[in-house]
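Asker: Have a look at this one before I ask anything.
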Amino acid sequence: MALPPPDPQFVLRGTSAAVHTLHFSCGGPEPDIPLLFSGSENGFIHVWNLKTRRVDTALDGHGRKSICCVKTMGGKDRLLSQGRDQRICLWDLAEGRTSVTDSVFTEHVGFCRCSLLQVAQGRWLMAMAARSLEEVQILELPSKTSVCTLKPEVGAKLGMPMCLKLWQLSCGSQPVLLAGYEDGSVVLWNVSTGKALSRLICHQEPVMSLDFDSEKAKGISGSSEKVLSIWSLNEQQNLQVYKTHELVNAGISDITIRPDKKVLATAGWDHRIRIFGWKKLKPLAVLDYHTATAHCVSFSDHSNPRDRLLAAGSRDQRISVWSIYAQT
């Protein structure tokens, strides 16, 4: 008999707005304080201390416009944030500072979150939706040098990029980008040449979120439909539909595969967080706590597996934090 789904381990309140993005930073050496960064619709980024379960710092750098992405860059002290003010900000949080040290003007009006990939010590690639509606721009950070602009072929009506995932097979190998588009397709791009390697129509509606497991060469995407699409990448760099999974209710805001590649979580428009086994997409749990759309899910990067957590952010202004490691 299936176990009943657990209750949240704890709930974080106090954002005073819908929570749109979450990012953990817990992997440092002891006695390092585990942190959770949240970005809200009111333009604030909250830095939560997971020991006290309270806000340590509230950052305000996007003119009160909604935050759609927060990521740390090689440690807790360097933060990247993206807002609906069409800016991506780099923050210095060392020694209690709360200053924006640099920013990039994206000129993009959509909701597409940027994607980061560390390519060397202190060097990053960042993919972001560009000013021209169908284009994706790749920059190198911190220099902000343009690497390339990815443009669909003439006549390919992909619409706007909706979600992006930069990855590489191993350090030093060629970086590639997976992009989900408004027309329901996922495209694999070679970042070095700026050429599309493969395109696969996965959904009838815009691709809202995707994640990719480079070890298994397998990815997953969700849209506003009742379907999760699982696809694989063969040795000829062609994307193929692997299988689809029918959902009870329509609408997926966010999908993330846990770093150990055992399970994945989805954030649903039906307020629920769903946990699946990644190997066969077996449903493991439905976490039913939120009272409005779940916008984002994130797994923690604790070095000890027993400490690892799942956080979910919702339009109901709450962040639920779950310990599902032992159960799954």
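Glycine is treated like the rest: Cβ placed from N, Cα and C.
Marked as repeat 'WD' by TrEMBL: 177-199, 200-241, 287-328.
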Asker: Checking distant contacts: for the repeat 'WD' (200-241), what same-chain residues at least six beyond its ends satisfy Cβ-Cβ under 8 A?
Answerer: 159-160, 162-163, 165, 167-169, 178, 180-188, 247-257, 261, 264, 266, 269, 278, 281
Asker: For the repeat 'WD' (287-328), what is the mean per-residue pLDDT, to the nearest integer?
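Answerer: Taking every residue of the repeat 'WD' (287-328) together, the mean pLDDT is 90.
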Asker: In the repeat 'WD' (177-199), how many residues does DSSP put in helix, strand and coil?
Answerer: 0 helix, 16 strand, 7 coil
